[in-house]
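Annotation comment: TrEMBL describes 47-279 as domain 'Radical SAM core'. For Tyr56, Gly113, Glu147, Ile331, the entry in TrEMBL reads S-adenosyl-L-methionine 1 binding site. Sequence annotations record features per position, and here TrEMBL assigns [4Fe-4S] cluster binding site to Cys62, Cys66, Cys69. Taken from TrEMBL, the feature S-adenosyl-L-methionine 2 binding site covers Phe68, Cys69, Ala70, Gly114, Thr115, Gln174, Arg186, Asp211, Ala245.
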Amino acid sequence: MQTIDFEKFSQYSKPGPRYTSYPTAVEFKENFNEESLKTAFFNHDHLKNPMPLSLYTHLPFCRSACYFCACSVIYTSLEEKKVRYISYLKKELALLKNAMNTNREVAQFHYGGGTPTFFSPPQLDEITQSIQEIFPNFSQDIEMSCEIDPRHFTKEHMQTLFDRGFNRLSFGVQDFDLEVQKAIHRIQPFEMVQESVKLARDYGIKSINFDLIYGLPNQTKESFLKTLELVLKLDPDRLAVFNYAHVPWVKKTMRKIDETLLPSPRDKLEILESLISFLEKAHYQMIGMDHFAKSDNELYLALQKAELRRNFQGYTTKKFTQTIGIGVTSIGEGGDYYTQNYKDLHHYEKALDLGHLPVERGVSLSQEDVLRKEVIMQMMSNLKLDYSKIEEKFSVDFKAHFKKELEKLKPYEEAGLLSFNSKGFEMTRTGGMLVRNMAMEFDAYLRGGEKHFSKTL
């Protein structure tokens, strides 16, 4: 990797989307409603070759707040809240059955949160069975994944997930340093994570992922390298190493973080440089902007073929799926639309009580949106772009259509962060750290001063 000149590199640090969607969620509008979603379902059901389904279910509850977390969560210790939530999930599933063809093939199934394993094993089993009854056509090679908080993970949880066919687990690790854990209000010793991973291995889980975060309070380059050394002892198949986004104006719990303890931008960049170097020496290959995988992992093999895709759950090898979002605040996606359920639990329940799908907002994509979405997702996934693939799919002259955007990429080329070739362009290893910046040049919605986004570095 190129040596980074901090003074030059810091000019690229500005607010920008992470592009888990395009258009981004800030463009979702309330004029996309239940009828809009039903129309989208009808259109996708009646395609000549309907896409496989990806089912995302949001299980929002946590016992206490982790101060770094930007997820949509509800804090509670009340058992009745979980019981009530399950009853409303069943109401939503019944409405989905009436609104779409739920017999289509299901290629992916994911539980996110919140803390999915904050639900008891019998409750998780009940939820999974309810979903499988409505969406019965699970493919033989389905990816079934669940986010795991090691503080709420028992052998009974593992048995339930195994019995239901789960084959991928993602462990929220963040950092093993005790001083960092204290500052973010999440104490989980290495031994606790080690036990959880051993349990998953004993049950033959196919793929184990760790979520790590750099840029947390009390974190240093040296302390994070010690965390990575401990990570290697547990031998995960994949790693997601996220840049901590400190947005206290969006997430109130982040206000509890002492900002004087946060690493400086220079320190964060040094941590990033060192973690990339460390993981590559340990034979983990960088995937996109924030994932790492072993050389024999399917994510890396897909990257080699430029076949990676990106969605709200991260990177995937599944080419195209229609995501059905289930539960409060969950997001659904088709090739030409996004939809989001109510974020407020009361509004979510009220809609279901009235017999309505709990759609709060969304967006229908124009043909230009679909084109730009493909360009941005190709860049975010594969760190390069082949013009001919876009031209063939959309019948456009890429250089003519994106003349202004390509001009805006020239400074990146001059800085040695990107190179143009006969097929298109490709980012250097260091340039890949700025993929969000480069993708922003193709975003037709950015208006400058996007305060609602985290910084790209």
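Cβ coordinates are placed from backbone N, Cα and C, and glycine is handled just like the others.
Just so you know, TrEMBL annotations are computer predictions that nobody has curated.
All features noted in TrEMBL, drawn onto the structure.
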residue	record	DSSP (3 states)
Tyr56	S-adenosyl-L-methionine 1 binding site	strand
Cys62	[4Fe-4S] cluster binding site	strand
Phe68	S-adenosyl-L-methionine 2 binding site	coil
Gly113	S-adenosyl-L-methionine 1 binding site	strand
Arg186	S-adenosyl-L-methionine 2 binding site	coil
Ala245	S-adenosyl-L-methionine 2 binding site	coil
Ile331	S-adenosyl-L-methionine 1 binding site	strand
Query = Listing them in sequence order, which of the binding-site residues Cys62, Phe68, Cys69, Thr115, Arg186 have their Cα within 10 Å of that of Glu147 (S-adenosyl-L-methionine 1 binding site)?
reply = Thr115
Query = Using Cα coordinates, what distance in whole Å links Cys62 ([4Fe-4S] cluster binding site) and Tyr56 (S-adenosyl-L-methionine 1 binding site)?
reply = 18
Task = Using Ile331 (S-adenosyl-L-methionine 1 binding site) as the reference point, find which of the binding-site residues Phe68, Cys69, Arg186 has the shortest Cα-to-Cα distance to it.
result = Cys69
Ask   = So for Cys69 ([4Fe-4S] cluster binding site), how many other CB atoms are inside 10 Å of its CB?
value = 20
Request  = Enumerate same-chain residues with a sequence separation of six or more from Thr115 (S-adenosyl-L-methionine 2 binding site) and a Cβ-Cβ distance below 8 A; give 'none' if the list is empty.
outcome  = Leu59, Phe61, Cys62, Arg63, Val73, Glu147, Asp149, His152
Query = What is the Cβ neighbour count of Cys66 ([4Fe-4S] cluster binding site) at a 10 Å cut-off, with all protein chains included?
reply = 17
Ask   = If we check Cα distances from Ala245 (S-adenosyl-L-methionine 2 binding site), which of the binding-site residues Tyr56, Cys66, Cys69, Gly113 wins as closest?
value = Cys69
Key: For the binding-site residues Tyr56, Phe68, the one whose C-beta sees the most other C-beta atoms within 10 angstroms   = Phe68
Task = Would you mind reading off the Cα separation of Ala70 (S-adenosyl-L-methionine 2 binding site) from Gly113 (S-adenosyl-L-methionine 1 binding site), to the nearest angstrom?
result = 11
Message = Using a 10 Å radius around its CB, how many other CB atoms surround Cys62 ([4Fe-4S] cluster binding site)?
response = 20
Rounded Cα-Cα span from Tyr56 (S-adenosyl-L-methionine 1 binding site) to Phe68 (S-adenosyl-L-methionine 2 binding site), Å = 23
Key: Model confidence over the domain 'Radical SAM core' (47-279) (mean pLDDT, whole number)   = 96
